[in-house]
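A.B. asks: TrEMBL lists B:144-207, B:208-266 with the feature domain 'CBS'. Sequence annotations record features per position, and here TrEMBL assigns transmembrane segment to B:291-310, B:316-343, B:364-385, B:391-413, B:425-452.
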2 protein chains.
Amino acid sequence: MMAELSDKEYAMQRIQEVNTALSDGMYVAARRMLHNMPACDIALLLESSPPKSRAIVWKLVDADEHGDILEELSEEVQKSIIRQMAPEKLAAATEGMDTDDLAYVLRGLPDQVYQEVLKSMDERDRERAETALSYDEDSAGGIMNTDTITVRADVTVDVVLRYLRLKGELPEATDKLYVADRNDKLIGEIALSRLVTVDPSKVVSDIMSPDIVSIPVDMDETEVAKLFERHDWVSAPVVDADQQLVGRITIDDVVDIIREDAQHSMLSMAGLEDDEDTFAPVLKSTRRRTVWLAINLVTALLAAMVSSLFEDVLAQMAVLAILNTIVPSMGGIAGSQTLTLVIRGMALGHIGSSNSRWLIGKELAIGALNGVIWSVLIAAVVALWMQSWLVGGIIAFAMMMNLLAASLAGVTVPMILKRFDIDPALAGGVILTTVTDVVGIFAFLGTATLLLS
Amino acid sequence: MMAELSDKEYAMQRIQEVNTALSDGMYVAARRMLHNMPACDIALLLESSPPKSRAIVWKLVDADEHGDILEELSEEVQKSIIRQMAPEKLAAATEGMDTDDLAYVLRGLPDQVYQEVLKSMDERDRERAETALSYDEDSAGGIMNTDTITVRADVTVDVVLRYLRLKGELPEATDKLYVADRNDKLIGEIALSRLVTVDPSKVVSDIMSPDIVSIPVDMDETEVAKLFERHDWVSAPVVDADQQLVGRITIDDVVDIIREDAQHSMLSMAGLEDDEDTFAPVLKSTRRRTVWLAINLVTALLAAMVSSLFEDVLAQMAVLAILNTIVPSMGGIAGSQTLTLVIRGMALGHIGSSNSRWLIGKELAIGALNGVIWSVLIAAVVALWMQSWLVGGIIAFAMMMNLLAASLAGVTVPMILKRFDIDPALAGGVILTTVTDVVGIFAFLGTATLLLS
């Protein structure tokens, strides 16, 4: 019997039904619906609910589903929920969680609650939690699970198979067994797909893959994600400094990192946090965005100050005031195209010292070409509109200058920022806009002052 | 023996060495280095090379590596390379490629070359290619592989294991076997991890998972990726309209889609294509970006025209010309924060009819709060700078209006665009900027006209 396809539309429809029940105050019906929903759908419902409905939904959900749902939530939303849970309920919810998820939840807790949750846990879970928490959150250790299955090199496949049958069940997403020596050093691996195809009388050391790439426990998660992408891995072993196997990372956790890393640039460019909660309370969202607006107000004031240097010519000719925004605006657009491309290229690891000079040359050439096209066009438009070829010529010159400046800044600003270890996606846009505003206004109003006053 | 960790830095270093050898004209040394490089590193080298070096590197690479490298390249770069290959060489390179990669390469070919490549293939590859090409490129059929392993429900595990040992090797990333009935209808699946833990005398029908979610062959790849992410799958079966198994999709292909989808919004917002090649030739890049600049020039001209409506007041007071850019600029920044958040929320499936009203209310509240903060501040700055509380009051009013308009437009523009099936990431920014420019200028210069002239 095949299950109905539970695709997004279907999930959205069910979520809609729950929402309708909630807004009609039909809590019993809502509770029944939630009872039949898979954890990933409830997580989606919570992610897309305003704070108040979030609290209600959470109360209506079966308590034994809490753990599974928490695992599926994004950091921000998860935090907003666990902050309202009693420590002993939280301890119950974390029972049986994967090590990496457990550490993730515990890290989000205030110190006191954290101690209480730890106290409410049973011995084994507490130990697991403490080990996981000893690694950095964004490192391989922070995202790994400790549920590896290890075999010795000198036994036969038949013995391994009997051992597995005795175990009865393997951890989720197990696709290989690891081979360790007497000192627990990792010396090889066997894919399950190999285990089922070889002659059972063979010895493990003869059929294992000895040349495996393992991940150091302190490697940054973004590096881990890149390795997974490059090598098409489903899982990979994690080792400590002595090459001892300490855990494994599975693709499902890596997928989250890949998506977050890919979204990071877009959110940073708008001054938003990686894990920004769309449905966060107003005050919290305002606080964050205010900082960004403050930075940009400084940029805008700077541009106004540059304009104010040319107050005389502006007072003389209102036409210049009308046209003054065109050149900075086009520069900003052209520059942000280059900037976006370079930021993405850096994130993909395509841009280095070997090709940066070529790239600057290329972008300057594009800037020059676009400069010619748009200078001619804007000159014609302005000359016809304002009935002055001189003003047309001035804006054409400013456009050319600013598109060149935009290209140059679009490539070099992120490169320089990266050298100083500043996130180009976060700071690049503001600096670029400042460059294109200042150059654009100087070129336009400065030339006008020279030629017209 | 453990292999050295081949992380990105290491790859980048080797790529640097090849580049140095190439620029010194040491082609023999470069060829030797390339010979020892894994396909994924050569792909990275090609992706980060300007067109000329790309052609040289490709010539130096072993011909029997061509297929593996092509599989790793992004669409744009792949196209630029296969366009220069002779059809019979291309046919040789595609030998043994996974079905989905094969289809991907063939789709990039001009019609005539495509026919020739198909002719140069052996019978089996040609059939595989033609099947794969019959599905839409962006559908489940376009990304699936046909290398599934199927067993019958009435045999024992022991028989299955003997069958697998006879086969000798399983396709890459095989994590489960599929169970089909006499009519090839998919009726269940068995994970390899289950196969190795159950009693071998058990019958397949007793140990298989019957309630599996399968993917219709015409499902859009973005939907497929979402299902993988939600369910933490490693692979999933693909079925046709009759529930017959036609292939399987593996996580490594899905990871590419997840990354591309996540990057899509950022690139679209800057008017760039999803698969934009950072190192494309100048002319090609210019052509694409010119369209985007053209659209934005219209926006800039529109803003200038709005300003021109207030020529009288601008001619009277140059101060207004100086301050005229501040309000539109702040509106643009605030609006694009909201826009980015909403676009991401839509991509994640968090925003629907049930919460859109709440979201509009929230963003308007943030706009109002920010409006109050920045109105007061800008009023003070301008009053002190320009020595006029009246001008300060006018800009404060305009700021308030424009931040409200920015919030409202930031939420509603993408929602409306989506209803008309227009990509909000592509068109949203331009429309938003137009709104914040026009409202900002109208509010500032309009009020100034009323109060000052």
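Note that the numbers count up from 1, one per residue, in the order the chain is shown.
The backbone N, Cα and C atoms fix where each Cβ goes, glycine too.
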A.B. asks: What counts of helix, strand and coil residues does DSSP assign across the domain 'CBS' (B:144-207)?
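C.D. replies: Helix, strand, coil within the domain 'CBS' (B:144-207): 19 helix, 17 strand, 28 coil.
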A.B. asks: Could you tell me how many residues in the domain 'CBS' (B:208-266) are helical, how many are strand and how many are coil under DSSP?
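C.D. replies: Taking each residue of the domain 'CBS' (B:208-266) in turn, the totals are 27 helix, 16 strand, 16 coil.
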A.B. asks: Report, as numbers and ranges, which residues of the same chain sit near the transmembrane segment (B:364-385): CB under 8 Å and 6 or more residues beyond its ends.
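C.D. replies: Same-chain residues near the transmembrane segment (B:364-385) but 6 or more away: 323, 326, 330, 334, 338, 391-393, 395-397, 399-401, 403-404, 406-408.
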A.B. asks: Could you tell me the mean pLDDT the prediction assigns to the domain 'CBS' (B:208-266)?
C.D. replies: 89
